[in-house]
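Features as listed in TrEMBL:
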ACT_SITE  212  active site, proton acceptor
BINDING   46, 47, 48, 49, 50, 51, 71, 132, 155, 156, 157  NAD(+) binding site
DOMAIN    40-179  domain 'Lactate/malate dehydrogenase N-terminal'
DOMAIN    182-350  domain 'Lactate/malate dehydrogenase C-terminal'
Ligand SMILES: NC(=O)C1=CN([C@@H]2O[C@H](COP(=O)(O)OP(=O)(O)OC[C@H]3O[C@@H](n4cnc5c(N)ncnc54)[C@H](O)[C@@H]3O)[C@@H](O)[C@H]2O)C=CC1
Ligand SMILES: CC(=O)C(=O)O
């Protein structure tokens, strides 16, 4: 039996097929525009749990005209593409293409990298560094060559260091290389607070910054709901919200990824929504503020000679990172952020000679 994802693959010529159904509205068909001139193309490199959750969410939210999927495993890749294509009747029209050759990403507006090793239960994100850097050496230069004007959005872990690596390997300006960072951790933080306060998580303003990982920093001093400072109100009503309790909540946010990994083997849905949220802000030029991994040199006392990527609230739009909010932090929060930066910097140092 011949397998196909289109009638063309079965030998039917598509040329002029639609003219049997439709006639041009004008006599002079040359003057009729039948195609939009500029389509938005998003590529997802790595069609695993995370890549497919992202592709699926981008499709449902109608964020791209074309999605190109790349993976090293041809059968899995084609299976994933066909499975999504078979939902075409229920989704906005989006062209889906896939190939093991990265050339399929040519002309992307946005390239999202999710390829690589993931943690096994108990492993930290930093443990993945060497394996995923080796992969990035192959993927990133090829991506940059085929889409020199794209924005790179890195998701593979350890995401902050790999965003630095992608920046170096691509030669792209720093505003066009972004790590998904703590956009996800901040959502987990907002979820926990929203449950406690019995409000919608979208109405909780709360940031986790720093490393997407064990040293992330919860910025309690700026947490608010309806413009009201949450920490002050919690501490006034419950004396139990002391430093130890706050650290316990931060730790619960960090541990939530480990818990999901130990239960189902990987995380996927939340990162899928988190990345689609970033894609919408970038491609639709929303100028929304997201905690994402950006070059943090010089912010909050991070040394000027430390080229380190970590999450800070950034304004995102069609040009990528349009600016980074210089938040007012307490001395303790700034100290923790510098400590997080130091952890990342030390790991980046091992990669010198890249
Ligand atoms: N930044 C974040 O918040 C999150 C990051 N992650 C990270 O995302 C990455 C992917 O995780 P999963 O999708 O669960 O793993 P997975 O194992 O399901 O998928 C990885 C995919 O990469 C593919 N791949 C390997 N080498 C390749 C190459 N040279 N070219 C193209 N594709 C290649 C594999 O064939 C596989 O399909 C991991 O590093 C994980 O830690 C996961 C969740 C959240
Ligand atoms: C795996 C990972 O980085 C996360 O879910 O946070």
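Backbone N, Cα and C define each Cβ position, glycine as well.
Bear in mind that TrEMBL entries carry predicted annotations, made automatically and left uncurated.
Sequence features, as recorded in TrEMBL, placed on the structure.
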residue	record	Cβ within 10 Å
46	NAD(+) binding site	24
48	NAD(+) binding site	19
50	NAD(+) binding site	26
71	NAD(+) binding site	23
155	NAD(+) binding site	28
157	NAD(+) binding site	27
212	active site, proton acceptor	31
> When you measure from each Cβ to the nearest atom of ligand 2, which of the binding-site residues 46, 48, 50, 155, 157 fall under 6 angstroms?
Replying inline: 157
> What does DSSP say about residue 155 (NAD(+) binding site): helix, strand or coil?
Replying inline: coil
>> Of the residues named as NAD(+) binders, 46, 47, 48, 49, 50, 51, 71, 132, 155, 156, 157, how far apart in Å are the Cα atoms of the most distant pair?
In response: 17
> Which whole-number value in Å describes the distance between the Cα atoms of residue 155 (NAD(+) binding site) and residue 212 (active site, proton acceptor)?
Replying inline: 10
>> Rounded to a whole angstrom, what is the C-alpha distance between residue 48 (NAD(+) binding site) and residue 212 (active site, proton acceptor)?
In response: 20
> When DSSP states are grouped into helix, strand and coil, how many residues of the domain 'Lactate/malate dehydrogenase N-terminal' (40-179) land in each?
Replying inline: 68 helix, 26 strand, 46 coil
>> Can you tell me the CA-to-CA distance separating residue 157 (NAD(+) binding site) and residue 212 (active site, proton acceptor), as a whole number of Å?
In response: 9
> Could you state the CA-to-CA distance between residue 212 (active site, proton acceptor) and residue 50 (NAD(+) binding site) to the nearest Å?
Replying inline: 16
